[in-house]
Amino acid sequence: MTHLESLALRFTHTPHQTELWILDQTLLPLKEKWVQLTTVGEVIEAIKTLKVRGAPLIGVVAALGLGQSAIKGTCLKQLENEAQALYAARPTAVNLMTCMNRMIAGIRSNKSPEALLSIAIELFTEDLALCEAIAQNGAELIASGDHILTHCNTGGLATAGIGTALGVIRKCHQQGKQVHVYVDETRPLLQGARLTTWELKKLDIPYTLITDNMAGHLMQQNKVQKIIVGCDRIAANGDFANKIGTYSLAVLAQYHTIPFYVAGPYTTMDWHCADGSRIPIEQRKASEVSGISGAFGHICWATQDTQIYNPAFDVTPAELVSGWILDCGVFTKTDFKQRKVIQYMPLLAEQVS
Ligand SMILES: CSC[C@H]1O[C@H](OP(=O)(O)O)[C@H](O)[C@@H]1O
């Protein structure tokens, strides 16, 4: 019997039954509701509606959903179709594509259903270790007494493990360092206000919730010593995509000479993507913004063709980043300029070659 459990994911496999359950993150923090995903279609819907979210978790849940489909007897041809549909569920977080590529390689090698499920289970257990390594590497950069600003949600709700940026903060707390977290609410879907505060409260880590537009003021008041954010795709030159509003924080951090770090696993690296201009940015429906302020009608950013756009991510250039906290180490701009990072990622190096 296989039983996998994380903050937002539960998976069991016995010879006669496979169950995939996720914690519906759209209902947090007011309601903790577990939802069973029995088909790939349900997994895709959960990813698109952010019931399941966070770059690493999206990839792991997609892989487990595909492995479940294989165990249920879906033929290899249909499995590849399902993998392609999962691959396209959300365009920015490259972990989804990384995980699907590993599953597709198994499908094209005619692997058995159990072997395909094993690949998915490996992706889950690998992420546990990647999160732990990121946390260890990042904690060395944090001093006791630091006030750390973070954006969106990058904890156990975004990964299979303890998280990326929030995993670093959790590790510092575990090590006995006195840290205080400023949590950006992160409009429009409020991952910070709803999810990061929920995680920090459970971990008993002190925090202050702020509106996104308070961040600059806090920096101006010298109340922020470090900024750590997550990532959805890191390009070969170190530019990275993350939740909308991250770029603004990076610019403010540079102006206020505050160290600005991005944390993520190697599965969020995309060596095929030369720089941030190549990263696809997910556009989400306008009602995610206007829905809250519906009284003001369409307050979204409109373009000349009257389309309404709601970009879910933005791209931060490498020049604004103080350090990349990865599972294989902490890297600098020079490391990326000299392409030193890829040598630490043999698996990805194979993919790129
Ligand atoms: C640890 S990856 C978390 C990453 O994903 C979030 O986006 P979303 O909530 O839309 O899945 C955000 O960009 C976080 O930094």
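Cβ atoms here come from the backbone N, Cα and C positions, even for glycine.
Because TrEMBL annotations are produced automatically, they should be read as predictions rather than curated entries.
The active site, proton donor annotation in TrEMBL covers ASP232. Long-range Cβ contacts of ASP232 (active site, proton donor) within its own chain (separation 6+, distance under 8 Å): ALA55, THR92, ALA93, VAL94, ASN95, PHE240, ALA241, ASN242, LYS243, THR268, PHE313.
Sequence-distant neighbours of GLY54 (substrate binding site) (same chain, six or more apart, CB under 8 Å from its CB) are ALA93, ASN153, THR154, LEU157, ALA158, THR159, GLY230, listed in sequence order. Sequence annotations record features per position, and here TrEMBL assigns substrate binding site to ARG53, GLY54, ALA55, ARG90, GLN191, ASN242, LYS243.
The site 'Transition state stabilizer' annotation in TrEMBL covers CYS152. CYS152 (site 'Transition state stabilizer'): 28 other CB atoms within 10 A of its CB, across all protein chains.
With ARG53, GLY54, ALA55, ARG90, GLN191, ASN242, LYS243 listed as the residues that bind substrate, the site has a largest C-alpha separation of 17 Å.
Put plainly, the binding-site residues GLN191, ASN242 were compared by Cβ crowding within 10 Å, and the winner is ASN242.
In the three-state DSSP reading, LYS243 (substrate binding site) counts as strand.
Within its own chain, ARG53 (substrate binding site) has GLN25, ILE47, ASN153, LEU157, ALA158, GLN191 as residues 6 or more apart in sequence whose C-beta sits under 8 angstroms from its own. Other than ARG53, GLY54, ALA55, ARG90, GLN191, ASN242, LYS243, the residues of this chain whose Cβ falls within 8 Å of the Cβ centroid of the substrate site are, in sequence order, ILE58, ALA93, CYS152, ASN153, ALA158, GLY230, ASP232, ALA312, PHE313. Around ARG90 (substrate binding site), the C-beta neighbours below 8 angstroms that are at least 6 residues distant in the chain are ILE47, LYS48, ILE58, LEU96, GLU282. Reduced to three states, the DSSP call for ARG53 (substrate binding site) is coil.
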